[in-house]
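> Per TrEMBL, the features are:
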- His108: active site, proton donor (ACT_SITE)
- Gly12, Ser13, Asn14: N(1)-(5-phospho-beta-D-ribosyl)glycinamide binding site (BINDING)
- Arg64, Met89, Arg90, Leu91, Leu92, Asn106: (6R)-10-formyltetrahydrofolate binding site (BINDING)
- 4-181: domain 'Formyl transferase N-terminal' (DOMAIN)
- Asp144: site 'Raises pKa of active site His' (SITE)
Amino acid sequence: MLSVAVLISGTGSNLRALLEAASEPGYPARIVAVGADRDAAGLAHAAEFGVETFTVPYRQHASREEWGAALAEHLRRVDADLIVLSGLMRLLPADLVEEFSPRIINTHPAFLPEFPGAHGVRDALAAGAVQTGASVIIVDNGVDSGPILAQERIPVLDGDDEATLHERIKPVERRLLIDVVRRIAEGDIDLAHPVR
Ligand code: GAR
């Protein structure tokens, strides 16, 4: 059974989908902890499923490195096989990525390498893209630049705004994320040697 820690910043709707999947008999991973960089609404989903939560407030630390060191302490204690960034809206410091690499994956609301960063949906609309997508990647020290594990195209529709487009992307992200975590657990994806 693969143990998974999830890090979030927001509403945690993708986290919730993973919690639901992991509570199904036969799913080969379980969520052991959910952490956040702020008082994130999504922590309530973890509590509902009886999963440990922790918060490492970014703003209470003097630098990204200090925040990352405090976060790494929690991650060491939790000792999960896999760390999933599910809407964590912070760049992880290099030390943390190096310590846990390649066991950190991230879900992103665009077809990487298109539209990396904090505003993947907004940037796709601003560029006038006719299609965007969803991606699940291994986290490296760049901004959404790690190896791609799964991705899928999603059309941009006439009249889409950031909210409507993001709400159409999220169900695809959930499906990809649940599938990627399963494939990692089953040994179908080797994070040290990812091939697509
Ligand atoms: C998701 O769309 C996730 O891909 C995105 O934040 C959303 C979180 O939604 N992450 C990024 O944009 C990271 N660059 P949720 O809190 O409802 O799961």
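One-based numbering along the chain as shown.
Note: Cβ is positioned from N, Cα and C throughout, glycine not excepted.
A TrEMBL annotation is a machine prediction, not a hand-curated record.
Tell me what's around each of these sites.
Secondary structure at His108 (active site, proton donor), as computed by DSSP, is strand. Around His108 (active site, proton donor), taking its Cβ as the centre, 24 other Cβ atoms fall within 10 Å, counting all chains.
Listed in sequence order, Val34, Ala40, Ala41, Gly42, Leu43, Ala44, His45, Ala46, Ser86, Gly87 are the same-chain residues six or more apart from Gly12 (N(1)-(5-phospho-beta-D-ribosyl)glycinamide binding site) with CB atoms under 8 A from its CB.
The secondary structure of Met89 ((6R)-10-formyltetrahydrofolate binding site), as reduced to three states from DSSP, is coil rather than helix or strand.
In the three-state DSSP scheme, Asp144 (site 'Raises pKa of active site His') falls into the coil class.
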> How many Å lie between the Cα of Leu92 ((6R)-10-formyltetrahydrofolate binding site) and the Cα of Asp144 (site 'Raises pKa of active site His')?
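If we compare the Cα positions of Leu92 ((6R)-10-formyltetrahydrofolate binding site) and Asp144 (site 'Raises pKa of active site His'), the gap is 11 Å.
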> Restricting to the chain of Leu91 ((6R)-10-formyltetrahydrofolate binding site) and a gap of 6 or more, list residues whose Cβ falls under 8 Å of its Cβ, or answer none.
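Counting only residues 6 or more apart in sequence, the Cβ neighbours of Leu91 ((6R)-10-formyltetrahydrofolate binding site) under 8 Å are Arg64, Val143.
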> Can you name every residue in this chain, apart from Gly12, Ser13, Asn14, with its Cβ inside 8 Å of the center of the Cβ atoms of the recorded N(1)-(5-phospho-beta-D-ribosyl)glycinamide site?
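Nearby residues not in the site list: Ile8, Gly10, Thr11, Leu15, Arg16, Ala17, Gly42, His45, Ser86, Gly87, Lys170, Arg174.
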> For a Cβ distance below 6 Å to any atom of ligand 1, name the binding-site residues from Ser13, Arg64, Arg90, Leu91, Leu92 that qualify, or say none.
Ser13
> Give me the largest Cα to Cα distance among Arg64, Met89, Arg90, Leu91, Leu92, Asn106, the residues the record lists as binding (6R)-10-formyltetrahydrofolate, in Å as a whole number.
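Across Arg64, Met89, Arg90, Leu91, Leu92, Asn106, the two farthest Cα atoms sit 18 Å apart.
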